[in-house]
């Protein structure tokens with residue numbers, strides 16, 4: 001009758017499994033159970049000394065640093081302003097509590113329980129959707145190849161912000177088109193462009209007329225992009241040991257700068273009007289379905305659901321780490337930062353509207369234009385500009401680096417989980433693997449620093465961060481919330497934290513989160529709009545095809561993974577599908593043993609199942 005029988009032989013074979021790893025040993029069940037002695041020195045591709053965060057604070061700071069990125073500074077304030085001001089906070093916080101917090105808790109739980117990256121963790125949660133894990137790694141790596149281009153722009157402005165006067169202050173430079181250059185913002189005069197806009201377009205980017213004209217390389221940006229990747233490598237080459245130390249600064253310095261800028265900005269004339277524009281409620285906007293979709297999409301993109309990064313970072317936690325507390329800290333800190341950044345940005349925009357005697361509408365914008373066009377112009381008119389400008393662009397660098405760390409770490413973790421020993425036999429050290437990932441990321445980022453690179457950047461961002469992400473998020477939620485199920489998730493949480501999640505999390509996992517994600521996906525498809533750059537440039541058909549190809553690079557792994565899993569199983573089609581939907585992790589292994597033989601198992605042993 002197996003190991004639970006009173007008539008069992010005194011020596012019984014057990015399987016000790018840690019995630020996907022398995023080793024057999026003979027133990028005497030009537031003797032004291034020496035669990036530590038049962039641990040293999042090396043299990044599969046992972047040693048028993050899997051790296052963990054040095055302190056819980058390091059994990060929290062790394063997660064906050066990843067969640068709080070450039071989108072909090074240039075996306076949320078403008079989205080809030082355009083989607084109803086203070087009224088937008090109602091759908092935003094509703095989506096945060098019904099979707100963002102429960103799904104972040106879910107991803108933390110998956111990573112911490114399995115102690116695996118997203119590829120292998122999701123494959124064990126639901127083998128049928130194992131392709132979702134691969135897709136999350138692919139989308140994160142694709143994103144990091146062009147996200148670091150933003151870091152090179154921030155470094156470029158940082159280096160040039162020490163000059164007096166700023167190079168973007170006047171129209172008397174070789175890159176200016178004197179006939180349509182204006183000092184300050186030109187308002188509704190369409191044929192004029194501000195000096196700061198021309199500096200961004202004609203000096204930084206040397207932008208061409210379209211994606212059809214690639215132009216040559218921007219060699220200055222080429223060198224700075226190398227520097228940006230060197231910084232990333234030096235911060236993560238030791239894994240969580242080095243990243244955990246770096247985030248003490250990179251995750252906290254932006255908060256210091258945001259508070260300093262806010263204190264400075266609120267004293268400027270016109271700042272009050274800008275902040276009122278930011279939060280002035282437009283209640284009629286709540287009847288617009290797109291506003292609710294925007295709120296949900298902002299929560300997803302900001303927290304990072306569906307990118308695999310939160311699963312990867314949580315996999316380095318101790319088994320009983322309090323992820324519920326960490327979830328609340330990360331999600332609420334992210335939202336508070338977005339609102340804080342909104343006050344900082346719109347106080348400055350209000351000041352610029354006052355200086356140039358223009359309405360806020362003519363200055364408010366989102367995306368790279370906000371931090372690389374509007375804010376440089378703001379610094380040109382502020383006291384001590386050579387102090388504020390370098391600090392601001394250094395803050396942008398810190399915000400971007402934290403997100404970049406996490407996205408690169410996802411790729412490294414997946415390589416080590418999947419084929420660590422084979423790769424190490426060739427490359428010898430994990431530091432070399434990290435270097436190889438960074439070099440590949442750099443090479444794939446080169447098209448973005450050509451003279452037509454901005455069009456490539458915008459195209460990839462649209463089809464990666466908007467189209468692909470919604471598909472991945474939906475299938476991840478489907479696999480975990482409905483196939484794996486909230487009952488099993490409850491067991492997972494109870495196994496780690498000692499208590500089951502409350503009815504709020506269970507109801508969100510069962511109904512609210514999956515339904516909301518499905519609605520976002522449907523709305524994204526119904527209201528799909530092709531990629532654009534600026535207000536006038538539309539991409540040619542062949543570029544749109546390339547954009548959809550970029551989306552498929554990640555999405556295609558979902559059906560391929562499901563097809564592979566069904567084909568490798570045995571039986572009829574329905575039997576194969578049923579087998580593929582069955583999780584391969586044990587949820588409460590201690591209960592397989594008789595009462596008198598149950599023991600407290602250390603966190604280093606996750607599963608004990610009788611053979």
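Residue 1 is the first one shown; counting continues down the chain.
Note: Cβ is positioned from N, Cα and C throughout, glycine not excepted.
Long-range Cβ neighbours of residue 65 (Na(+) binding site) (same chain, at least 6 residues apart, Cβ-Cβ under 8 Å): 247, 250, 251, 402, 403, 405, 406. The Na(+) binding site annotation in TrEMBL covers 65, 67, 68, 72, 302, 334, 399, 402, 403.
Within 10 Å of the C-beta of residue 171 (disulfide bond) there are 18 other C-beta atoms, taking all protein chains into account. Positions annotated as disulfide bond by TrEMBL: 171-181.
Sequence annotations record features per position, and here TrEMBL assigns transmembrane segment to 59-77 (among others).
For the transmembrane segment (89-110), same-chain residues at least 6 beyond its ends with a Cβ under 8 Å from one of its own Cβ atoms are 80, 121-122, 125, 286, 291-292, 295-296, 298-300, 303, 305, 310-311, 314, 323-324, 326-328, 330-331, 335, 339, 477, 480-481, 489, 492-493, 496, 501, 504-505, 508-509, 512-513, 516-517. The transmembrane segment annotation in TrEMBL covers 89-110 (among others).
For the transmembrane segment (131-159), same-chain residues at least 6 beyond its ends with a Cβ under 8 Å from one of its own Cβ atoms are 70, 117-123, 204, 220-221, 224-225, 227-229, 231-232, 306-309, 311, 368, 372, 376, 389-390, 393-394, 396-397, 400-401, 403-404, 406-408, 410-411, 414, 437, 441-442, 444-445, 448-449, 453, 456-457, 460-461, 464-465, 468-469, 472, 475-476, 479, 550, 553-555, 557-562, 564. Under the heading transmembrane segment, TrEMBL lists 131-159 (among others).
The transmembrane segment annotation in TrEMBL covers 221-240 (among others). Long-range contacts of the transmembrane segment (221-240) within the same chain: residues 51-54, 58, 62, 148-149, 151-153, 155-156, 159, 204, 246, 250, 316, 401, 404-405, 408-409, 412, 430-431, 434-435, 438-439, 441-442, 445-446, 449, each at least 6 residues beyond the stretch ends and with a Cβ under 8 Å from a Cβ of the stretch.
The transmembrane segment feature in TrEMBL is assigned to 247-271 (among others). Counting residues 6+ beyond its ends, the transmembrane segment (247-271) has Cβ neighbours under 8 Å at 58, 61-62, 64-65, 68, 235, 337, 340-341, 343-344, 347-348, 350-355, 382, 388, 391-392, 394-395, 398-399, 401-402, 405 in the same chain.
Taken from TrEMBL, the feature transmembrane segment applies to 291-316 (among others).
Annotation source TrEMBL lists transmembrane segment at 328-353 (among others). Through the fold, the transmembrane segment (328-353) approaches residues 60, 63-64, 67-68, 72-74, 76-77, 80-81, 89, 92-93, 96, 100-101, 104, 185, 254-255, 258-259, 261-262, 265-266, 268-279, 302-303, 359-360, 362-364, 370, 374-375, 377-378, 381 of its own chain, all at least 6 residues removed from its boundaries and within a Cβ separation under 8 Å.
Residues or ranges marked as transmembrane segment by TrEMBL: 387-412 (among others). Beyond the transmembrane segment (387-412), the same-chain residues lying 6 or more positions past its ends with a Cβ under 8 Å from any Cβ of the stretch are 62, 65-66, 68-70, 72-73, 117-118, 136-137, 140-141, 143-144, 147-148, 150-151, 154-155, 157-158, 161-162, 166, 231-232, 235-236, 239-240, 243, 246-247, 249-251, 253-254, 257-258, 260-261, 264, 304, 307-309, 312-313, 371, 375-376, 379, 430, 433-434, 437-438, 441.
TrEMBL lists 432-450 (among others) with the feature transmembrane segment.
The transmembrane segment annotation in TrEMBL covers 462-484 (among others). Long-range contacts of the transmembrane segment (462-484) within the same chain: residues 103, 106, 110, 122, 125-126, 128-129, 132, 135-136, 139, 142-143, 297, 300-301, 305-307, 509-510, 513-514, 517-518, 520-521, 524, 528, 531, 547-548, 550-551, 554-555, 558, 581, 583, each at least 6 residues beyond the stretch ends and with a Cβ under 8 Å from a Cβ of the stretch.
When Cβ-Cβ distances below 8 Å are used as the criterion, the transmembrane segment (504-526) is approached by residues 95, 98-99, 102-103, 105-106, 289-290, 293, 296-297, 300, 466-467, 470-471, 473-474, 477-478, 480-482, 486, 489-490, 493 of the same chain, each at least six residues removed from its ends. Feature annotation from TrEMBL assigns transmembrane segment to 504-526 (among others).
Under 8 Å from some Cβ of the transmembrane segment (546-567) lie the Cβ atoms of residues 127-132, 134-136, 138-139, 142, 459-460, 462-464, 467-468, 471-472, 475, 531, 539, 573, 576-577, 580, all in the same chain and six or more residues away from its ends. What TrEMBL lists as transmembrane segment is 546-567 (among others).
Of the recorded residues, residue 181 (disulfide bond) and residue 302 (Na(+) binding site) place their C-alpha atoms 36 Å from one another. A C-beta separation below 8 Å, combined with a sequence spacing of at least six in one chain, links residue 68 (Na(+) binding site) to 251, 254, 333, 334, 337, 399, 402. Note: the Cα of residue 302 (Na(+) binding site) and the Cα of residue 171 (disulfide bond) are spaced 37 Å from each other. Working note on the recorded positions 181, 399: by count of other C-beta atoms within 10 Å of each C-beta, 399 ranks first.
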